[in-house]
Amino acid sequence: MSEFLDLEAQDGIRMPWNVIPGTKQEALNCVIPVSAIYTPLKSIPDIPVLPYSPLRCRMCRSILNPFSIVDYVAKIWVCPFCFQRNQFPQHYSSISENNLPAELFPQYTTVEYISSTETGPVVPPVFIFVVDTCMIEEEIGYLKSALAQVVELLPDNSLVGFITFGTYVQVHELGFGLLPKSYVFKGTKEVTKEQILEQMCFFAGKKMPTTGVIAGTRDGLSSESISRFLLPASECEFVLNSVIEEMQKDPWPVPADQRASRCTGVALSVAANLLGVCVPGSGARIMAFVGGPSTEGPGSIVSKSLYEPLRSHKDLDKDSAPLYDKAVKFYDQIAKQLVHQGHVLDLFACAVDQVGVAEMKVAIEKTGGMVVLAESFGHSVFKDSLRHIFQSADDKLGLSFNGILEINCSKDVKVQGIIGPCTSLEKKSPLSSDTVIGQGNTSAWKMCGLDKKTSLCFVYDIAKKDGQDSIGQSTSNQFYFQFLTYYQHNEGMMRLRSTTISRRWVSGTDNVEELVAGFDQEAAAAVMARLVSFKMETEVDFDPVRWLDRALIRICSKFGDYQKETPSSFSLSPRLSIFPQFIFNLRRSQFVQVFNNSPDETAYFRMMLDRENVANAVVMIQPSLLSYSFQSGPEPVLLDVTAIASDKILLLDSYFTVVIFHGVTIAQWRKAGYQDQEGHEAFAQLLKAPHEEANSIIKERFPVPRLVVCDQYGSQARFLLAKLNPSVTYNSDNPAPGGDVIFTDDVSFQVFMDHLQRLSVQ
């Protein structure tokens, strides 16, 4: 496993197949597609930042890299992708074997370019807060204090705007400091850019141009009219704080049998248009704080009557959620507009009930926005996550804007698409495959928002047909992949990061050992999880459990060692041995089993899965479990009900929740207060250790996970029991004393493996 982690540390890439099946048919036989999970802005220590423009190939526009073949005498380099011979320009004339530019050093497969001619001026980031006021006073109080903290943490040069909404939308004029002043829009119908220009007096006293798209200062908008609504944080801190301080509950009365009238869709559309008018093309984020479902105007998800429940998964399956498709279509339009403008939508949804994350998912995902889901604005999940975004510590997210990602690969490889937070730029090229998965049909993608953790899953197609006589058979047995990310760095200037990797390919029937030797089972599990989530959302009547089971059986019968028809002889190489366990847990995970989750929660879980790297995705699929006891320090234990013992403390990390679970004896001692008595220091230390570990997990994760502290047989113990392998259930013989049983009819991992072995050897 460690060599895959080393490769990831160097380039931010993990691939299920690090030795690639060489022909189309062999790749299909391997079941898991040739794919890569790439983190474009992964923080790589000692990454060279080069102060000049990159050297591109004349033909395919790929960038000079360590795999290029260089002729130092003739000053020529050969592109590894299209074999084009390129002349070095004048300023590379001193190049020799002993005098290499950084981008040709074999260890620098990832480099960044920062050149003043291409980067243009440093542009400040823009934040526009869109705040819901249809909430109880207590929630508004929590939100006010959170926003007041954010105002202090904002970078001084960043521009800030502020919009509140309830029955109506109010755009606050922060540039008018004498008294609070805002422009009000009706919440029942959409607001166009023209209405915003006219009603918000952008051309006060001047004639508005009749033709063309008006966008930004270059189209005749004075910077004074823009700075009425978007001001540098350092200048408007006082006004902004007083607007937040005076924010009150939406004044319109709400009958007892109705929901508040909340026009979330119109508010977001006003924010998108305002940014489109004022700062198109420069990095901006709409941060929406929503405390309930949208019931008014376009994008509403439920009627006002409380007699009508919010849509469930069952309603969506049966097509009995009348507003769902309309709302998704509306947010898709907003997504297109934001992508065109280069802006991001972030959502902070804090309510006991659903707020419409499932409908907004398309806009958040296509713009690369962040989403935080919590029960209340007073909950630590929301407060700490919000603080984490603006923290200036080393572990900060490094928010970047306006990314464009391009790829190059060897001509026998085609890209089917990306599953992750980005949008296809529809730039069809010879690299695009005919089959599309996710954002496809292109070799370039737009990423309006991205940070150090954003990870994309590329799905490839091997185009090479079988047989040695296939045309243009390349002589080398390497496939090359290049990823170019052009983005606005969080310090304001544009940068270009180039990552180039090569992987060996093999073909023929005797290559199974080589394929297995390069198999990364964690990356494979992460790719399968993204694929199954994607298929569940896009394919009608898709059966995820069956699809996963069939894929696993095909992999085991291809790569397992066994004698035909003899299940007891079945064994898997260590490279594959944990993969069935990952699939077993994926089948039981919240990505596949949507029962007991709302559509909002499911959308949230899937969005998080689609933007996280392999290590985090594996924790979501198969949580980690640590055991603490007097006999030993913290030790990893199997995710199994047999791990529970009365004298142990368990720490479960399932990514979204961190559970500290006290065995029944430990809980009794704790309630008796032994930890505070002399002579019981060891017990006090035992209680403290899991909390310290939990805090270190919570500190470095975004969104911040929920911490659950519970005791054996307590109601909250369900958070742990739901994730454990039910090897001991209510109908098992003699369960272990002090242990626990799980009341379920689910199959245990042992039964699952028995069936798998039986079916694989047929």
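For all residues, glycine too, the Cβ spot is worked out from N, Cα and C.
According to TrEMBL, the domain 'Zinc finger Sec23/Sec24-type' annotation covers 54-92. Per DSSP, the domain 'Zinc finger Sec23/Sec24-type' (54-92) is made up of 3 helix, 11 strand, 25 coil.
According to TrEMBL, the domain 'Sec23/Sec24 trunk' annotation covers 124-389. Across the domain 'Sec23/Sec24 trunk' (124-389), mean pLDDT in this model comes to 91.
Annotation source TrEMBL lists domain 'Sec23/Sec24 beta-sandwich' at 401-506.
If you look up TrEMBL, you'll see 520-618 marked as domain 'Sec23/Sec24 helical'.
Per TrEMBL, the feature domain 'Gelsolin-like' maps to 633-720.
The stretch in 124-389, 401-506, 520-618, 633-720 that contributes the largest number of Cβ pairs under 8 Å to the domain 'Zinc finger Sec23/Sec24-type' (54-92) is 401-506. As a summary of secondary structure, the domain 'Sec23/Sec24 helical' (520-618) carries 63 helix, 2 strand, 34 coil according to DSSP. Helix, strand and coil counts from DSSP across the domain 'Gelsolin-like' (633-720) read 39 helix, 20 strand, 29 coil. Per DSSP, the domain 'Sec23/Sec24 beta-sandwich' (401-506) is made up of 0 helix, 58 strand, 48 coil.
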